[in-house]
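Record features (Swiss-Prot):
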{"type": "DOMAIN", "residues": "23-105", "note": "domain 'Lipoyl-binding'"}
{"type": "MOD_RES", "residues": "K64", "note": "N6-lipoyllysine"}
Amino acid sequence: MSNPQQLRYSKEHEWLSGAEDGVSTVGITEHAANALGDVVFVQLPEVGDSVTAGETCGELESTKSVSDLYSPVSGEITEVNEDVVNDPSLVNSAPFEGGWLFKVRITDEPADLLSADEYTAFAGA
């Protein structure tokens, strides 16, 4: 399992892209997607919602369990990926590409985000 080097990671197993015009893309890691099993339902925040780093902002339901989705940063939701709402299996098949979850205009970024190498060591992935 390979964690892209250009991303940063949370200990709740979300990834965060580098900000473009202050907006970053968020998804869950391949490690988290594999642990969940087949994702069958995705509940995302709505455009315009405020999210807080480390707080619940949605839900992922799989054939194994229901898991909370956490925001790795604080900010305002600017876009949600309707493709994963309509086809939740994208979370499993392409967690770092088409399976991204939402975009957020960052107002605060915690200092404890991990590099790819740090996340790999943390997750044992």
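Cβ from N, Cα, C; glycine included.
In this view, K64 (N6-lipoyllysine) is surrounded by 12 other Cβ atoms within 10 Å of its Cβ, with every protein chain counted.
Taking H, G and I as helix, E and B as strand and the rest as coil, DSSP gives the domain 'Lipoyl-binding' (23-105) the counts 16 helix, 36 strand, 31 coil. Looking just at the domain 'Lipoyl-binding' (23-105), the mean pLDDT is 97.
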